[in-house]
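The structure that follows is given in the form of structure tokens.
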Amino acid sequence: MTLQPTDIKREIQHLEQVTGGDAEKNFEVAAHQFDAKAEKKLLYKTDLHVVPVLFVLFILAFLDRINIGNARIQGMEEELNMSGNDYNVVLFIFFIPYILFEVPSNIVIKRVAPSTWLALIMTLWGIVTIGEGLVNTVGGLIAMRFLLGLFEAGLFPGCIYLISMYYKRYELQWRLTLFFSASILAGAFGGLLAYALAKMEGIQGYRGWRWIFIIEGVATAVIGIVSKFFIPDWPHTAKFLSDDERTLLLARLASDQGDSAMDRLDKGAQRRIIRDWKIYAGMFAYFGVVNTGYASSFFIPTIVKELGYTSEAAQVRSIPIFIVATVCALTTAVLTDRLRHRYAFTIAGVLVATVGYVVLLCQAYVSAGVKYFAVFLITSGGYITQPVTLAWMANCVSGHYKRAVATAFQIGLGNSGGIVASNVFLDSEAPRYPTGYGVSLGMMWICAVACTVLFFGVRRENKKRDRGERDYRLEYEDVDNLGDDHPSYRFAT
């Protein structure tokens, strides 16, 4: 942003009145203060235009993904004659295209305007959600869930990638968690919305569970079309920024990135991406914790109902679980950015969730109230850890292409944890679900191990760079395209 002489002069006059002293020194102080004010104003403007619209998209995406859990206890299984593991298959099929198409989608969004791509896929999955409410067979529902996974695949990694391109490393966690909290609140809002929509039972001859899909699908499709005009594009083309603001934004991002650019996807860049152990550690961390995120969203309405409540009461009693989890996640985001540390918070979430899982594995010896409290612990613990793993991964890779691939890889393959969640809560084991809770507990500790490997690995690498042991890379021909392999880059711990 261009410094205006009149503004600086006004700042100098103020400083002279307050402190007197050297004019040149006061000029430097005034210029610094002006830049700080300009940055603060820019950051505020970016926050208003980037995170809120993506928050809305993601809350609708997650509603359309998890509303099947609410529809289940409103009569879906009975009307579609579902039996055995049919429900698990319906959940499972979503993740096949969802996992396979996340990396390709992030390659596409790098080449296509994010506003066009995200609006398009959102409109398409909204139409598919409507279709879920109109099917008459299990096969039809499975087909709709497959298409839902296909069209939703690009949203989450695309949004994470887009947000990460607007903020410095230690500004990122708070914004990512604000965005990610849409998925947590969707669990609460989904229960409330399902409770209301279930009252439409019999309208136009449709059962209440069908209206859950139809109304939410129509809302998604309409907002998808309109969102084209509100979704931000990349910083260098964003229409909400003036030329001066864009210059300042790109300059502050460049100062945070240093020389660690990766703007060409040549063979050298491809090798660095494929061989980067950090990406695999981040993937296993997300794989372990995402199981809890999906399990809580898919099965909490059923679990609460099996504590002795009616379907409507179970929907309502699901709400405070997710509200508490949201508060925990946002509090963690503030602390982890302020302290510039990630690892301890991931382990804290694992420990909280572990207590909840142990209680439910021993549920034969505890009351319904204690079991209900355990669900709070599991959900809050999972959502303390999950968004931190996403920001941490983004903090450990640098360069446009590497961040695009790393983010999609972490989320895409990591989401196979959702496949696990879809298949370990067996109807034959209700209401104690020993397999579901036992496997989910083990998955949380897979996350803990992966986070531990990432922490000690990047700390060791930072020390090597401090000692100059990676300076030989400055002699490489493609030194301008090393990404986070550049000796000047330091990883978040």
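Using N, Cα and C of the backbone, Cβ positions are placed for all residues, glycine too.
Straight from TrEMBL, here's the annotation block:
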- 50-463: domain 'Major facilitator superfamily (MFS) profile' (DOMAIN)
- 48-68: transmembrane segment (TRANSMEM)
- 88-109: transmembrane segment (TRANSMEM)
- 116-135: transmembrane segment (TRANSMEM)
- 141-164: transmembrane segment (TRANSMEM)
- 176-197: transmembrane segment (TRANSMEM)
- 209-231: transmembrane segment (TRANSMEM)
- 279-299: transmembrane segment (TRANSMEM)
- 319-336: transmembrane segment (TRANSMEM)
- 343-366: transmembrane segment (TRANSMEM)
- 372-392: transmembrane segment (TRANSMEM)
- 404-425: transmembrane segment (TRANSMEM)
- 437-458: transmembrane segment (TRANSMEM)
Which bits of the chain, at least 6 residues beyond where the transmembrane segment (372-392) starts or stops, bring a Cβ under 8 A of a Cβ in it?
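Distal contacts: 160, 172-173, 176-177, 180-181, 184, 187, 282, 285-286, 289-290, 292-293, 296, 300, 303-304, 307, 317, 320-322, 324-326, 328-329, 332-333, 336, 342-343, 345-346, 348-357, 359-360, 363, 366, 407, 410-411, 440, 444, 447, 451, 454, 492.
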If you count every Cβ pair below 8 Å, which range out of 48-68, 88-109, 141-164, 343-366, 404-425 shares the most with the transmembrane segment (116-135)?
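Most Cβ pairs under 8 Å with the transmembrane segment (116-135) come from 141-164.
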Sort out the residues at least 6 away from either end of the transmembrane segment (141-164), same chain, that have Cβ-Cβ distances under 8 Å to it, and list them.
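That would be 50-51, 54, 57-58, 61, 64-65, 68, 80, 89-91, 93-103, 105-106, 108-109, 114, 117-118, 121-122, 124-125, 128-129, 131-132, 135, 172, 175-176, 179, 232, 234, 390, 394, 403-404, 407-408, 411-412.
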Rank 48-68, 279-299, 343-366 by Cβ pairs under 8 Å to the transmembrane segment (404-425) and hand me the top one.
279-299
Take the transmembrane segment (48-68) and find every residue of the same chain, 6 or more past its ends, with a Cβ under 8 Å from one of its Cβ atoms.
76, 90-91, 94, 118, 122, 125-126, 129, 132, 145, 148, 152, 155-156, 159, 162-163, 166, 175, 178-183, 185-187, 189-190, 193-194, 212-213, 216-217, 219-220, 223, 227, 230-232, 238, 240, 297-298
Are there residues at least 6 beyond the ends of the transmembrane segment (279-299) whose Cβ is under 8 Å from a Cβ of it, and what are they?
62, 65-66, 68-69, 91, 183, 186-187, 273, 321, 346, 349-350, 353, 375, 378-379, 381-383, 385-386, 389-390, 392-393, 396-397, 406, 409-411, 413-418, 420-422, 424-425, 433, 436, 439-440, 443-451, 453-454, 457
List, by number or range, the same-chain residues at least 6 past the transmembrane segment (437-458) whose CB is under 8 A from its CB atoms?
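That would be 277-278, 281-289, 291-292, 295, 342-343, 346-347, 350, 353-354, 357-358, 360-361, 378, 381-382, 385, 389, 392, 396, 417, 420-421, 424, 491-493.
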Near the transmembrane segment (343-366), which same-chain residues lie under 8 Å Cβ to Cβ, leaving out any that are not at least 6 residues past its ends?
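Sequence-distant neighbours of the transmembrane segment (343-366): 285, 289, 292, 332, 335-336, 373-386, 388-389, 392, 432-434, 437-438, 440-441, 444-445, 447-448, 451-452, 454-455, 493.
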